[in-house]
Amino acid sequence: MFDVIVVGGGPTGLMLAGELRLHGVRVLVLEKETEPTRQSRAQGLHVRSIEVMAQRGLLERFLERGHTVAVGGFFAGLATSWPERLDTAHSYVLAVPQVITEQLLAEHATALGAEIRRGRALVGLRQDEDGVTVDLADGEQLRARYVVGCDGGRSTVRKLLGVAFPGEPSRVETLLGEMEMTASQEELTSVMTEVRKTQQRFGAMPLGDGVFRVVVPAEGVAEDRTASPTLDEFKQQLRAHAGTDFGVHSPRWLSRFGDATRQAERYRVDRVFLAGDAAHIHPPTGGQGLNLGIQDAFNLGWKLAAEVDGWAPEGLLDTYHAERHPVATEVLDNTRAQIQLMSTEPGPQAVRRLMAELVEFENVNRYLIEKITAISVRYDVGEGHELLGRRMRDLALKHGRLYERMHEGRGLLLDQTGRLSVAGWEDRVDHVVEVSEELDVPAVLLRPDGHVVWAGEDQQELLTRMPAWFGAATAG
């Protein structure tokens, strides 16, 4: 019997598997595809996901396989510069294809002891008071104490649970693919600049070796959304919008996506959870989807591990839905707004022109970037200091950096006074006596995901706060 079965071997499922293995949880990842995807799909990590990788000691591996960029334009393609000041030590976007992200996360999870089985499709699940039985397409049955559905927008887990997935269907569709072209870079740039004055869902990005990532509006919404478009469809739509097909040829892969926006009503049904696209879908505007899923996993992983290990306080697992559902709701809303701003209709275009003026203000630009990159997220962990509920940035300490102390996925008390104690919780909370010129509060208590749940200097207040997030103290 496994502790946790993760259904889906994409970025969300693999991130979750790694988080669980940090705590010794016996985890199995079931992936229906027999081979890892060769499609680049999502193209990068935003600031909060970069911080997540840094907190687990993975960032250097990602930096070696990608490149950093500090450019704006993430909100509806509005031309903006990168803000001068962001509350982060990692003020950039990391351009790295999803295929590399999945590879690195899989290597991390398996190195920690996670088991990944490919070519295994889930067809049924049943819960009881002791665990969950899952049925596979090949007739095999497996048992686990918990199951997490990370199996995408068409999630089998969500459907088997009967969880409602309200929202709006696709009204417009976009073609996306990677291919070669005979047109020169000069011709491409000239035409693209002109077309994008009125059509934001159009572009071609060089990927190297003569390959371009091409995006162009589809003629309509396909009846069969699972069917890949043809190269002829791309050529037809390129000619319709640009007057040329740029001589595209030799496609690596072709796909389509719509602007459907939906969210699961519940992220938890007893022993089964939903994360990533299984819990929410939205257009890829702003590049938030993969990042949102990684952050779901980062929130759920330590909580589920605490439950398996037996020290989770009552109600801890319920905080997953309470914290992550509102975050996704905001993301869905901002993608809806972006889609409106990208419309070619006169009304939305007028609003877009107004927004283009507003983003020239530094505070407006920074607000939008903080929203897209998820560093403005604040969970409701109770009243008190302004830091409560916020993630702590990667502070420079007298010796090293804060995130270097969080690689093991434990809680952390950063104590600048040297007078506090975590006695009774040493098995799950590290006590770091360090000074940081960037922190203006005597001490902060961080959850394993880096969010602040206490700030101050009073030992009795700390002792009162610890059980709410780290369970009862161990007698000793």
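Cβ atoms here come from the backbone N, Cα and C positions, even for glycine.
Within the same chain, residues at least six positions away from Thr12 (FAD binding site) with a Cβ under 8 Å of its Cβ are Cys150, Ala275, Gly276, Asp277, Ala278, Gly293, Ile294, Asp296, Ala297. Residues annotated as FAD binding site in Swiss-Prot, with experimental evidence given as evidence: Thr12, Glu31, Lys32, Gln98, Leu122, Thr156, Asp277, Leu290, Asn291.
Cβ neighbour count for Arg213 (rifampicin binding site) (all protein chains, 10 Å cutoff from its Cβ): 17. Look at Swiss-Prot and you will find Arg196, Arg213 tagged as rifampicin binding site, backed by experimental evidence.
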Cβ atoms near Arg196 (rifampicin binding site) (within 10 Å, other residues, all chains):
14
Which one, from the binding-site residues Lys32, Leu122, Asp277, Asn291, has the smallest tally of other C-beta atoms lying within 10 Å of its C-beta?
Lys32
In Å, rounded, how far does the Cα of Lys32 (FAD binding site) sit from the Cα of Arg196 (rifampicin binding site)?
38
In Å, rounded, how far does the Cα of Leu122 (FAD binding site) sit from the Cα of Arg196 (rifampicin binding site)?
43
Can you grab the distance from Arg213 (rifampicin binding site) over to Asn291 (FAD binding site)? Cα atoms, rounded to a whole Å.
20
DSSP three-state assignment (helix, strand or coil) for Asp277 (FAD binding site):
helix
